[in-house]
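Q: First the structure, which I've put down as structure tokens, then a few questions once you've had a look.
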Amino acid sequence: METIQQQLQQSGDFLTITRAHEWSLPGFDFEVTNKQSQQKSKVTVLDTGIILFEPLDRQTTKDIVLSSGVHGNETAPIEICAKLVQQLIVGELTLAERVLFLFGNPAAMNIGQRFVEENMNRLFSGGHSIDQGQGAGLINKERHRALLLENTVRDFFEQGDKCGPNRQRYHYDLHTAIRGAKYDKFAVYPHTHGAPRKKEQLQFLKACGVNTILLSNSPTTTFSYFSARQFGADAFTVELGKVRPFGENDMTNFAAVEQTLTQFISGQALNLAAYDENDFNLFVISQIIDRTHENFTLNFADDVENFTDFPVGTILAYDGDNAIKTQQPGEAIIFPNAQVAIGQRALLTVIPTSI
Ligand SMILES: O=C(O)CCC(=O)N[C@@H](CCC(=O)O)C(=O)O
Ligand SMILES: [Zn+2]
């Protein structure tokens, strides 16, 4: 019978293998040879949904994490990453840098849901071990998985330091949003604790088709903030459109991100456009509204899009008896979700800004 390794080497289809092993998979490694250049790379499967690519016998300067499927129903980024992984395994894509691909929550993918028991993107920076309403500690599989992802990213960046000097660390955590949006693709730039925001990163995101950026100014338990804060990585949550089931994404919408990630991984020149603030829609997060009551309701329709703004004083939501209102001109809604667990973020508001 064909082993999992043989299956992977022949098909390159790591996503199917990952989905067949929801919570764990014994590790293994092998070498691949690029069909054009004949350059060799090492492929290491560390666990289910966790696969590392390392160039052999050549210098690297970048350590790149590409994560997707931290929310199981956000399929477009999973399909984009699965294709890159496949191309690398079958030797059709040049590898110039160390790249770690993470498919976050395979069990949630299989049920077509955001999560199984708990929203994994609230479980980083130790969120996996604190009481968020259901008890403290590693009380469910998603908490174990978040800890594994944390440890994997830590090991990846630390190992990178042994691969050469002057390294740069990156983590793009790819998502799609529940609602449609006035700006189809956008990114959250995590809190930098005073460090300047990097225009070059915004230029890179623009090349990916993402020119709307939300600047966060507070710590969070998201995956991108974890990598930025713990390891000094240039890290972003990148929203690539709207949630759709597997197979229903119009992949032509993702040509720019696919091409830019391909160039990035394979060391091709990116030819980034010069930074011009007029090319971007920049917002800063204004209010973070948590659901603190059982009866939490949004005061606008389900089809109101992300980035819709409301006049000052508009009631956006009721948290129990507390009416939550817009406070500033141009204040717009992002990620509204009345169904989140009590204690979790139910809505963000943003206002236009500049850097
Ligand atoms: O559309 C929604 O309501 C959620 C989409 C999503 O998963 N967004 C991320 C953003 C993470 C961040 O703020 O960096 C999330 O809510 O986890
Ligand atoms: Zn998401």
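Cβ coordinates come from backbone N, Cα and C, glycine included.
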Q: The Zn(2+) site in TrEMBL includes HIS71, GLU74. Which of HIS171, HIS175, HIS191 is also listed there?
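A: When TrEMBL describes the Zn(2+) site, the candidate it includes is HIS175.
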Q: If one measures from the C-alpha of HIS71 (Zn(2+) binding site) to the C-alpha of GLU239 (active site), what distance in angstrom results, rounded to a whole number?
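A: Roughly 12 Å, rounded to the nearest whole number.
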Q: Return the residues near GLU74 (Zn(2+) binding site), defined as same-chain residues 6+ apart in sequence whose C-beta is under 8 angstroms from its C-beta, sorted by sequence, else 'none'.
A: SER68, ARG114, LEU174, HIS175, THR176, VAL243
Q: Tally of helix, strand and coil residues over the domain 'AstE/AspA barrel-sandwich hybrid' (279-352) according to DSSP?
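A: Across the domain 'AstE/AspA barrel-sandwich hybrid' (279-352), the residues distribute as 1 helix, 35 strand, 38 coil.
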Q: Beyond the listed site residues HIS71, GLU74, HIS175, identify every same-chain residue whose Cβ lies within 8 Å of the center of their Cβ atoms for the Zn(2+) site.
A: SER68, GLY69, VAL70, GLY72, ASN73, PRO77, ARG114, ASN121, LEU174, THR176, ALA177, GLU239, VAL243
